[in-house]
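Taken verbatim from Swiss-Prot:
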type    : residues                                                      : note
BINDING : Leu76, Gly108, Phe127, Gly128, Leu129, Leu130, Thr131, Leu132 : S-adenosyl-L-methionine binding site
Amino acid sequence: MKVKLICVGKLKERYLKDGISEYQKRLSRFCQFEMIELTDERTPDKANFADNQLIMSKEAQRIHKKIGERDFVIALAIEGKQFPSETFSELISGVTVKGYSTITFIIGGSLGLDSIIKKRADMLMSFGLLTLPHQLMRLVLTEQIYRAFMITKGSPYHK
C-alpha cells in the first residue's frame, strides 16, 4: 500500500520536520509513505474574496496534478467527518479491501482547499473545529496514520 500526503507550502520548522521524519521511518514497516510539498501562492496583505479564490484555484491545479487517477483521496477540511482513531484505522484498512492501492491525503494552504479538490475527494475529514497551523497538521496527521496501522496490528501503542 502507498500513502501520499500532499501539502501546500514548505515545512520550515525543524521540530516539525524531525517529528514527521520519525513517523515516516516508523510507517515504512507498513506502507510506502510519500510527502509531497507544493509551492504555496503568496497572499497579499489586503486580499479580497476574489484574490483568495484565485490563490486557492492555482494551488488546486498543483494539487490535482499529484493525485493519481485511481487514488482514494481524503482531503482535510473543517466541514469534514470527525471520528475516533479506531474508526480511522478501520477506514484505512477498508480502503485496501476495496481495491485501492494508494490513499492520498491532502492538506491545503493557509486559505484552505478549493472546492474542485473537495469535490474530487472521496472523503472530507476534519480534526475538529480548532484552527491549527497547516504545518502542524502534517505532523498530527502523520502520527494518526501511524496510529491507525498500529491499531490494525493490535499494538499497545494505542491505549
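Cβ coordinates are placed from backbone N, Cα and C, and glycine is handled just like the others.
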Residue, out of the binding-site residues Gly108, Gly128, whose Cβ gathers the largest set of other Cβ atoms within 10 Å: Gly108
Span of the S-adenosyl-L-methionine site, taken as the largest CA to CA distance across Leu76, Gly108, Phe127, Gly128, Leu129, Leu130, Thr131, Leu132 (Å, rounded to a whole number): 16
Those binding-site residues listed as Leu76, Leu129, Leu130, Leu132, and which of them has the most Cβ atoms within 10 Å of its own Cβ: Leu76
Nonlocal neighbours by CB distance (under 8 Å) for Thr131 (S-adenosyl-L-methionine binding site), same chain, sequence gap 6 or more: none
Distant-in-sequence Cβ neighbours of Phe127 (S-adenosyl-L-methionine binding site), under 8 Å, six or more positions away: Leu76, Gln82, Met137, Val140, Leu141
